[in-house]
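Novice: Here it is, the structure in full.
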């Protein structure tokens, strides 16, 4: 049987390739970790060539596991870690420097300088983003300023810039395609998300030559054909989007007002705002959720730095649990009369506070506080932080009503206790899907729908399956008291008034 779909999920610490059949079932999986480089404090780099090798390797593993050949693959979809910045020689295809990862903070001073020049409102108006080292633009400017001769080569069109998706497409097509999609472009700090174009004014401010930029396409489009020298046949690449955006798609959040939240080490929540490009007054990001058939759908995005990492802290630093899976059962044993708050500002606080200097703290300790209370506080901190995001989104956009249903994915959502507490604090239903790998599923759908093998948006939404819906059950007075305690705790950790 042909008609298989290959989805490549290139993440921050590992690469996965997953094969789906016509019925959207997983039939093959390859996964491989790669090296993290930390050349200086706050710097994070990846070897783009190592990432490319991991993609080739995991594709071959997935094909072997499925027992099929590349000739049986109808289309490829790609999803990727966003913002990570690669520059390579247009002819040789060799990177000029290691990739600068989204986590890298080396351009913090440059961002501060741009803020002092009062340029952040301009960037936000055009890109929906904040002036932060997180995004690609200042990383690319750093490379142009620090790699000898790079600026001159860029001006002559001799080098290419791209996010990871663009780099992989270039390599997969044997150097024939230098392209990206609208979602990845929207994370660069140089793309006008209202006019869907690279912005000359922002390029000029950052000193970036337009000649090095990729062509921007819809998320489901013809991105090129794989070089037959790689797998013996040419396979069309038909779907591309950043990882948080494919999670929106994989959760079938196609209607305005639908919201997804991915819980891993951190948390990323995106609220579909339809064709409304909402400007946040709460320092949330405005981003492109997806662009299909030339129509741009926008989202409000909020990021939480510490979610599952709080549980890892209980295990690794505190020694309260041996394995992460123990935490829910331990939290259930906590004394209900104790209300302990953990503000996990281990690396500052993200949206909507954006306080990089805030530090973590624990409030409400008594002589009877033990491991169980710490476990409950760690899990509850995820719910409270999600509440902060939802409240900010509801303040920014009238479509984010109190009737919002949150669809969740990621490692933490396997815990029934955590999901129930999330529903209680949000006072909103929480839906957990049957298939939790929504990021890679979204990439597969983009390619498969373009190929005409999987159903369209309506059909895909109808096939989305819910494993469990968690309905809010906490009495309102108890909920209000709990949230008031959280707000008080956070206020004590902030370094500047909100």
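All residue numbers here begin at 1 and follow the chain in the order shown.
Backbone N, Cα and C define each Cβ position, glycine as well.
These came from Swiss-Prot, pasted as-is:
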- 12, 82, 83, 134, 243: sn-glycerol 3-phosphate binding site (BINDING)
- 12, 13, 14, 265, 308, 312, 411: ATP binding site (BINDING)
- 12, 16, 265, 308, 411: ADP binding site (BINDING)
- 82, 83, 134, 243, 244: glycerol binding site (BINDING)
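Tell me about the surroundings of these features in the structure.
Specialist: Here residue 83 (sn-glycerol 3-phosphate binding site) comes close to 102, 134, 135, 136, 139, 163, 187, 188: these same-chain residues lie at least six apart in sequence, with C-beta atoms under 8 angstroms from its C-beta.
According to its DSSP assignment, residue 14 (ATP binding site) is in a strand.
Here residue 16 (ADP binding site) comes close to 8, 9, 29, 30, 31, 58, 440: these same-chain residues lie at least six apart in sequence, with C-beta atoms under 8 angstroms from its C-beta.
Neighbour list (residue 244 (glycerol binding site), Cβ cut-off 8 Å, at least 6 residues apart, same chain): 82, 262, 268, 270, 301, 439.
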Novice: Per DSSP, to which secondary structure element type does residue 265 (ATP binding site) belong, with helix, strand and coil as the options?
Specialist: coil
Novice: Between residue 265 (ATP binding site) and residue 12 (sn-glycerol 3-phosphate binding site), find the distance joining the two CA atoms and give it rounded to the nearest Å.
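Specialist: Spelling it out, the Cα of residue 265 (ATP binding site) and the Cα of residue 12 (sn-glycerol 3-phosphate binding site) are 11 Å apart.
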Novice: Going by DSSP, give the three-state secondary structure for residue 312 (ATP binding site).
Specialist: helix
Novice: Whole-number Å distance between the CA of residue 12 (sn-glycerol 3-phosphate binding site) and the CA of residue 411 (ATP binding site)?
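Specialist: About 15 Å separates the two Cα atoms.
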Novice: Let's check the environment of residue 243 (sn-glycerol 3-phosphate binding site): how many other CB atoms sit within 10 Å of its CB?
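Specialist: Neighbour count, Cβ to Cβ under the 10 Å cut-off: 24.
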Novice: Please list, in sequence order, the residues in the chain of residue 13 (ATP binding site) that are at least six apart in sequence and whose C-beta is under 8 Å away from its C-beta.
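Specialist: 33, 34, 36 - these are the non-local Cβ neighbours of residue 13 (ATP binding site), listed in sequence order.
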Novice: Cα distance, residue 243 (sn-glycerol 3-phosphate binding site) to residue 308 (ATP binding site), nearest Å?
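Specialist: That comes out at 18 Å between the alpha carbons.
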